[in-house]
Amino acid sequence: MRNLLQKLFKNNLVKGTSYVFIGSFAANIFSYFFHLITGRMLGPEQYAIIASLLSLSYVFGFPAVIISTVLTRKVAELAAHNNKAAIHGVIRTVMKFLLWFIVGFIVLLILFKQLVADFLHIQDTHFIVILGLSLIISYVSTIGFAALQGMLRFLSYAIVNSLSNAFKDLFALVALVLGLGTSGVVWSFLATSIATTVAVFIPLKDILKAPVTYPSIRGKSIRSTLWVTIAFFGMGLMINVDVLMVKHYFDAYEAGLYAALATTGKIVLFVSSPIVAVLLPVATQKNARGHSTIRELAVAMSVIVMLSVSAVGVFALLPRLVIYLLYGEAYYSMSRVLWLMGVYFLFYNISNTFIYYFISIKRYRVLLAALVVSILQVGLLFIFHESFTQIVLVLVATALLLSFIFIYYYVSREIRKK
């Protein structure tokens, strides 16, 4: 048994997943407490504002996902050859690009804050501004997280990720205890971003002190970044647009109930997120060395499907208990469609895993499917939004379609070529 465990821990995917899984489990516990605290202490109407702002942050934060994915992949390629100087150069290059992006983001924030607030029925536009500032700072921390992932420093990655969620809990709780209400919780987002950014660069001191060489940026790198942008914009829409649409079409109380449903459903996503976080750099490094990555995909997908199905099973068998533990009796009406939301995230997980894998092996064109399906989802939600069940059925149908497209592509193009 000991020999088996030692052999397993020599596998970077298994070892990295173990670290990130434990760290993500801790982070998700902290995240659970955040929603428990805000959902119970604010009530459905005010919690709907917090949930819609979080969903908005995920949509506005999609550039961070792109930066993370592209930078993780590039750092992983350089780390495969132990090129610390080039890694330092890449970090500096991305940081300079990010400064220009931040300037543009601030301009857009000033121009469209009222429009966004009106769409979400949020009276205080300061909430949008504070959220925007939080995102700007979090973009910087994304660079640190991506560098840790790419160099397979999963223990440091897991620790800082857990601390980030702990910071959010602490700041939100202090704000609520002090009677600052929704405004205080929104300010806690900004405080969390600052604390996380400071923490994430501490494990990278050796890289930041290394000599600097700047790798050349080729046309292929720019094109691959565009494909990744397309993919993650689509996936970002698919996971957040429903909460924003419900906030627009339903009253505040119902929007709060749906926000609780969507957040609870994300448990299925949370249980698989550590695996895709490890799959990208591990598969990238193996691909850079000319080795097969089929085994990595098979292991990752098997574990993700197993964990996702288990979570959906719990939702189906004990929906009221799950809702009660998270939000209390006020949200019981959501228990009847909880299992269906879980099914949506099951198929979303499958699609998401394929996206990270295709990026690691440089199969970019198929990523366009994510954007096409997400646009289809938005269009269907504009038409079908009479009830929560109707909305969730649209989510399930579109996620199933995207999973089928990726599976068909992988079987017809990758498996047959082998």
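Just so it is clear, glycine is given a Cβ too, placed from its N, Cα and C backbone atoms.
A quick note: this is a predicted structure, and the numbers were derived from the prediction, not measured.
Marked as transmembrane segment by TrEMBL: 12-35 (among others).
Outside the transmembrane segment (47-72), and at least 6 residues removed from its termini, the chain residues within Cβ reach (under 8 Å) are 38-39, 90-91, 94, 98, 101, 116, 120, 122, 127-128, 131-132, 134-135, 138-139, 142-143, 145-147, 149-150, 182, 185-186, 189, 224-225, 228-229, 232-233, 236-237, 239-241, 243-244, 247, 252-253, 255-256, 259-260, 262-263, 280-281, 284, 356, 359. Look at TrEMBL and you will find 47-72 (among others) tagged as transmembrane segment.
Remote same-chain partners of the transmembrane segment (93-115), defined as residues 6 or more beyond its termini with a Cβ less than 8 Å from a stretch Cβ, comprise 63, 67, 71, 125, 128-129, 132, 135-136, 139-140, 143, 214, 217. Annotation source TrEMBL lists transmembrane segment at 93-115 (among others).
Sequence annotations record features per position, and here TrEMBL assigns transmembrane segment to 127-148 (among others).
The annotation transmembrane segment is assigned in TrEMBL to 155-178 (among others).
Here TrEMBL flags 184-204 (among others) as transmembrane segment.
Within the same chain, residues 51-52, 55-56, 58-59, 61-63, 65-66, 69-70, 119-120, 255, 258-259, 262, 266, 269, 348, 351-352, 355, 359, 364-365, 367-368, 370-375, 377-378, 381-382, 385, 391-392, 395, 398-399, 402 sit at least 6 positions outside the transmembrane segment (225-245) and bring their C-beta atoms closer than 8 Å to a C-beta of that stretch. According to TrEMBL, the transmembrane segment annotation covers 225-245 (among others).
What TrEMBL lists as transmembrane segment is 257-282 (among others).
The feature transmembrane segment is assigned by TrEMBL to 294-318 (among others).
As annotated by TrEMBL, transmembrane segment applies to 338-359 (among others).
Here TrEMBL flags 366-385 (among others) as transmembrane segment. Among residues of the same chain six or more beyond the transmembrane segment (366-385), those with a C-beta under 8 A of the stretch's C-beta atoms are 227-228, 230-235, 237-238, 241-242, 245-246, 249, 351, 355, 358-359, 391, 393-395, 397-398, 401-402, 405-406, 409.
Under 8 Å from some Cβ of the transmembrane segment (391-411) lie the Cβ atoms of residues 238, 242, 245-246, 258, 337, 340-341, 343-345, 347-348, 350-351, 354-355, 358, 366, 369-370, 373-374, 376-377, 380-381, 384-385, all in the same chain and six or more residues away from its ends. What TrEMBL records for 391-411 (among others) is transmembrane segment.
In this chain, the transmembrane segment (155-178) touches the transmembrane segment (184-204); three or more CB pairs sit within less than 8 A of each other, excluding pairs fewer than 6 residues apart. As a quick check, the transmembrane segment (338-359) and the transmembrane segment (127-148) miss the bar of 3 or more Cβ pairs under 8 A, pairs 6 or more apart, so the two do not touch.
Nonlocal intrachain contacts for the transmembrane segment (294-318), taken as residues 6+ away from its ends with a CB within less than 8 angstroms of a stretch CB, comprise 13-14, 17, 264-265, 267-268, 271-272, 275-276, 278-279, 282-283, 286, 338-339, 341-343, 345-346, 349-350, 353, 357, 414, 418.
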